[in-house]
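One structure follows; several queries about it will come next.
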Amino acid sequence: MYITYLFRNQIQYRLEYLTEHCILAVAFFLPLSLHLATIFLGCATVLWLGKMLASRKILFKRTPFDQLVMLLVLISAASIGMSPNKEFSFYNYYHLMGRYVLLYYLVINNIHSIDQVKRLVFSLLSSAVLVSLYGFYQYLHGVDISAFEWVDGEQFPELKTRIFSTMGNPNLLAGFLVIVMSLTAGLAFHSQKAQLKVLLFSIVIVLGGCLVLTYSRGAWLSILVVIGIYGKLYNRKIFVITLCLLLALVLFHNGVLERFVSIASPTTDSSSALRIALWESTLAMIIDKPILGIGWGAYWMVYPKYDFFLSDPTIKMFHAHNMYLHIAAEIGIPGLMVFLAILYGHTRKAMTVLNLTQNCWVAGLMLGVVASILGIAISGLTDYIMYNIQMSMLFWLLNAIVVTVWQSDCRYNR
């Protein structure tokens, strides 16, 4: 009996070890290779089920957000009935929503200690550095973007290079960098070890340099808001100093200055004018179907009917360039309200931990998470980066980290 007990414990320990490292691999490969991240997500799921079989228990922790998450899952499923292609929407739904919810609960149920959370966060930071270095490589070797429709060539004739690294699109890369920069800066501000503080601020500088080279105006505005958040929650001097540095960059770099100035006159830039037209079309979708929307993942199918700008049925638009309008259009206004409740709830929970914890590392992490989630919220006004699978997985990963830190076995970490 005792030997059986030891054997079972040994198996469970190995399963826990492997599960954790598969989750770390998901975080590491998330911006590098969605295919590999998905493989490790599947491996982690199998190992989690193996842990349940070995322990003969249902290893599932309840969270304060279970009802909201389930409500979002159900509303999204119900919206499939409104889709013009229900088979496609169903296939897209269970592949994506299943992936997001699975990652969320995998982290919550298999990452238990602050040391594990640290390893998870540093796995993400490590991959972000690699993504940025590859972005610099693209810039130095001149990736010609004239063939892509990312820049109005007439308004910005000198802007020939916008880096996109492994993310495939400059705006997606910029959104990813805003999130990870926010997270890293929070850890750096609260770090008590000089060497770690220098390392973290060095990472912020590398990511920030890469962010500038994306020439993503929405992300630049988001990072200004994030800096304001740090000034409010941590130290006003940070806001003033960083703002001065950014202004210097804008004034002495013509390309950056031109992109910033164009924000004030969106109708003269074709990409900005298209965004405004997309918002008008999306509002029309919401007015027509406010409750369940047009169907999960059906935006590109329905858009030609509401194309008031291009009037070309052959052109496909896959998202609305506005997170809130897009979500409301696809799954209805109630679905948007539930999503906002999830976003607000996790942000508030992170603020609770930030205000009560006496652990400096946890305080820095929660400060970074709050800034990251608010960065997503702000960037959502001009883009919908969570249309990208990796970005949505990152959003749910951040939420899971908040719950993990808050939960009983590491609550406030005193």
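In case you wondered, yes, glycine gets a Cβ from its N, Cα and C as well.
Pulled these from TrEMBL:
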- 204-340: domain 'O-antigen ligase-related' (DOMAIN)
- 23-48: transmembrane segment (TRANSMEM)
- 68-84: transmembrane segment (TRANSMEM)
- 90-108: transmembrane segment (TRANSMEM)
- 120-140: transmembrane segment (TRANSMEM)
- 172-191: transmembrane segment (TRANSMEM)
- 198-218: transmembrane segment (TRANSMEM)
- 238-257: transmembrane segment (TRANSMEM)
- 278-303: transmembrane segment (TRANSMEM)
- 323-344: transmembrane segment (TRANSMEM)
- 356-378: transmembrane segment (TRANSMEM)
- 384-406: transmembrane segment (TRANSMEM)
Counting only pairs at least 6 apart in sequence, do the transmembrane segment (23-48) and the transmembrane segment (120-140) share 3+ Cβ pairs under 8 Å?
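Contact between the transmembrane segment (23-48) and the transmembrane segment (120-140): present.
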Restricting to the same chain and to residues at least six past its boundaries, which positions have a Cβ under 8 Å from a Cβ of the transmembrane segment (120-140)?
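Sequence-remote neighbours of the transmembrane segment (120-140) are 23-25, 27-32, 107, 111, 161, 163-167, 173, 176-177, 180, 183-184, 187, 203, 206-207, 209-210, 213-214, 365, 397, 401.
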Are there residues at least 6 beyond the ends of the transmembrane segment (90-108) whose Cβ is under 8 Å from a Cβ of it, and what are they?
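Same-chain residues near the transmembrane segment (90-108) but 6 or more away: 19, 23, 26, 38, 41, 44-45, 48, 60-61, 63, 69, 73, 76-77, 80, 120, 296-297, 389, 392-393, 395-397, 399-401, 403-404, 407.
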I need to check the long-range neighbours of the transmembrane segment (384-406): which residues 6 or more away from its ends have a CB within less than 8 Å of a CB in the stretch?
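26-27, 30-31, 34, 37, 63-65, 96, 99-101, 103-108, 111-112, 114, 117, 120-121, 124, 167, 169, 171-172, 175-176, 179, 183, 318-323, 326, 342, 346, 349-350, 352-353, 362, 365-366, 369, 372-373, 376, 413.
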